[in-house]
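Enquirer: I have a structure here, written as structure tokens, and I will follow up with some questions on it.
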Amino acid sequence: MTLIDLFMYNWQVREDWFRWCEQLPPEELTKHRNGGMNSILHNLFHVISCEELWVCLMQNKPVPARQMREVKTLVEVKTYSEEIKAKTKVFMSSFEPGRTLERTRRNGETISLSHGKVVRHIITHEVHHIGQISVWARDMGLKPVSTDLVFREYES
């Protein structure tokens, strides 16, 4: 499975979560919860925002200033997701895992990150935050979206 395959897997799971969210009233999507970005809607926004941030950094492009607190609806998050998926697909079409990204940490230290490592981080970061939404779904007494890489295609 290639890195683009894993992006596509994450995007498919994200789309399933968007459909899952449609059953909930808007106040459930923005309700304060423990962990993550403190709400379902903001967790979804956060993974998209981080994907955008890292892809922009790897292309030496400015990172748009998007404010999570300004996002109020699922439709806004879905639209944002489509926009960033398109940009990520373009980036991944000429992806060079060995290229490096130089970053200065808060402590002033400069580090070099391979694009391959950054892309793997983007992928696993989304898996982590989607897992938090799964926990919240169970807390609400609802069945979460299956994220099982092996068996999800056999589940209904």
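Using the three backbone atoms N, Cα and C, a Cβ is placed for every residue, glycine included.
Annotations per TrEMBL:
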type    : residues        : note
BINDING : H46, H125, H129 : divalent metal cation binding site
Enquirer: What count of other C-beta atoms do you get within 10 angstroms of the C-beta of H129 (divalent metal cation binding site), across all chains shown?
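Expert: So the Cβ neighbour count for H129 (divalent metal cation binding site) comes to 19.
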Enquirer: Could you say which of the binding-site residues H46, H125 has its Cβ with the most other Cβ atoms inside 10 Å?
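Expert: The residue with the densest Cβ neighbourhood is H46.
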Enquirer: Other than H46, H125, H129 themselves, what residues in this chain have Cβ atoms within 8 Å of the centroid of the divalent metal cation site's Cβ atoms?
Expert: G36, M37, N43, V47, C50, E126, H128, I130
Enquirer: Using DSSP and collapsing to three states, where does H46 (divalent metal cation binding site) fall: helix, strand or coil?
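Expert: H46 (divalent metal cation binding site) sits in a helix per DSSP.
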